Amino acid sequence: MARPVVAIIGRPNVGKSTLVNRLCRSREAIVHDQPGVTRDRTYQDGYWGDREFKVVDTGGLVFDDDSEFLPEIREQAALALDEASVALVIVDGKQGLTAADESIAEFLRQQRCPTLLAVNKCESVEQGLAMAAEFWSLGLGEPYPISAIHGAGTAEVLDQVLTFLPPKDQEGDEEEPIQMSIIGRPNVGKSSLLNAICGEQRAIVSPIRGTTRDTIDTNIVRENRPWRLVDTAGIRRRRSVNYGPEYFGINRSFKAIERSDVCVLVIDALDGVTEQDQRLAGRIEEDGRACVVVVNKWDAVEKDSHTMSATEKELRAKLYFLDWAPMLFTSALTGQRVESIFALAALAVEQHRRRVTTSVVNEVLKEALSWRSPPTTRGGRQGKLYYGTQVASRPPSFTLFVNDPKLFGDTYRRYVERHIREGLGFDGTPLKLFWRGKQQRDAEKELARQQNRRG
């Protein structure tokens with residue numbers, strides 16, 4: 001059984017994301033003075049006592065205005081309540097009871113989810129009790145004074161949260177999910193792709209650039225395997241981004257790449273590969289992440305029987321440093337080939353984690369040398385490749401022992417990597433090759449001897 005869910009509900013700027021960061025001991029949720037920073041529902045792992053649960057942060061609820069994503073935010077909040085064991089309702093003690101709080105209370109009474117009421121921004125016990133008193137009128141039960149910033153009162157609220165969670169023995173052991181991040185420029189269809197994969201309105205979709213500001217985690221199961229899908233904020237050039245919610249969202253996106261098992265790089269079929277797409281591809285390769293390139297909006301392209309192969313050739317020419325990544329042409333709008341993403345991503349993750357024996361590595365290297373000898377300098381010095389071994393996975397990394405790394409230029413190094421791929425596979429993952437010379441090995445041995453003597 002999946003971990004129970006605790007939904008955080010309230011109007012804009014009452015401190016919901018600050019409380020989420022407090023409960024989850026992180027700074028994943030974006031906190032900013034500007035109201036409406038959180039739009040989609042975002043999930044994090046929460047812990048209290050011996051219990052684990054999911055905390056879902058929702059956008060600020062507004063019921064007297066239907067502009068700028070507000071209806072969609074309400075829909076996202078309702079979906080969060082449908083799956084939650086309890087809703088933790090946050091109000092602002094400093095500002096006091098408002099008509100917006102009363103509208104939210106009325107909305108919650110129409111839901112089946114139990115509620116707990118927390119009065120935030122109560123920085124002292126005496127002050128907090130006085131501030132909380134007026135919120136009894138909401139009819140949501142006892143108001144608990146808390147300070148999300150300083151942590152005061154949160155222990156009492158969490159103790160109450162645990163009383164609403166199902167018994168611990170109903171929760172089974174969870175297999176660690178494969179983490180798949182959906183990466184791309186603004187408005188290439190990342191959120192639409194996530195919704196198509198999940199079969200629900202998981203993320204707010206809009207033609208307005210920058211609709212997704214935070215990273216959105218979604219846990220699903222495909223082919224009996226758990227996946228954690230991460231929809232990220234669209235990444236623009238840094239000089240095009242003002243300091244604020246979008247800036248923090250982009251930083252979260254880069255962090256999502258770092259903690260992913262596999263990245264889905266989404267390209268707009270109508271725009272082709274842009275300079276920013278190339279930068280993102282370079283970041284994925286640099287961070288050593290497995291990758292699948294998804295060309296979205298394929299339904300909008302006029303095509304014949306040769307269009308796909310011609311387009312793939314054109315795209316790969318600009319994404320040459322991801323030549324190892326599989327490419328899939330999809331339409332989030334129609335659902336075309338969307339499910340195929342999982343098969344390609346699972347294969348890429350498998351290859352990313354794969355290890356091969358030293359004997360197999362050296363069989364491939366021996367064959368590479370037989371087809372093409374290492375280069376010789378004008379002075380008559382020739383590179384010698386003695387042997388190689390895999391030293392790490394995630395990504396697969398190999399150390400090649402040679403007489404002098406300087407004798408092996410980029411062209412021959414690319415040849416060796418290509419031959420390793422042809423002989424061993426590793427589709428969907430970058431490879432790291434480390435070239436170690438005799439002088440470097442001798443120096444390391446001498447250092448080890450000296451350290452042993454001192455010991």
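Each residue, glycine too, has its Cβ placed from N, Cα and C.
According to Swiss-Prot, the protein has these features:
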{"type": "DOMAIN", "residues": "4-169", "note": "domain 'EngA-type G 1'"}
{"type": "BINDING", "residues": "10-17, 57-61, 120-123", "note": "GTP 1 binding site"}
{"type": "DOMAIN", "residues": "178-353", "note": "domain 'EngA-type G 2'"}
{"type": "BINDING", "residues": "184-191, 231-235, 296-299", "note": "GTP 2 binding site"}
{"type": "DOMAIN", "residues": "354-439", "note": "domain 'KH-like'"}
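Under DSSP, the residues of the domain 'KH-like' (354-439) split into helix, strand and coil as follows: 34 helix, 21 strand, 31 coil. When the binding-site residues ASN187, THR232 are compared by the number of other CB atoms within 10 angstroms of each CB, ASN187 has the fewest. Within 10 Å of the C-beta of THR58 (GTP 1 binding site) there are 27 other C-beta atoms, taking all protein chains into account. Within the set of binding-site residues GLY184, LYS190, THR232, the entry lying nearest in space to ASN13 (GTP 1 binding site) is THR232 (CA atoms). Across the residues of the domain 'EngA-type G 2' (178-353), the predicted structure has a mean pLDDT of 80.
In the three-state DSSP scheme, GLY10 (GTP 1 binding site) falls into the strand class.
The local packing around TRP298 (GTP 2 binding site), expressed as other Cβ atoms within 10 Å of its Cβ over all shown chains, amounts to 22.
The distance from the Cα of GLY184 (GTP 2 binding site) to the Cα of THR58 (GTP 1 binding site) comes to 23 Å. Rounded to a whole number, the C-alpha distance linking THR58 (GTP 1 binding site) with THR232 (GTP 2 binding site) is 16 angstrom.
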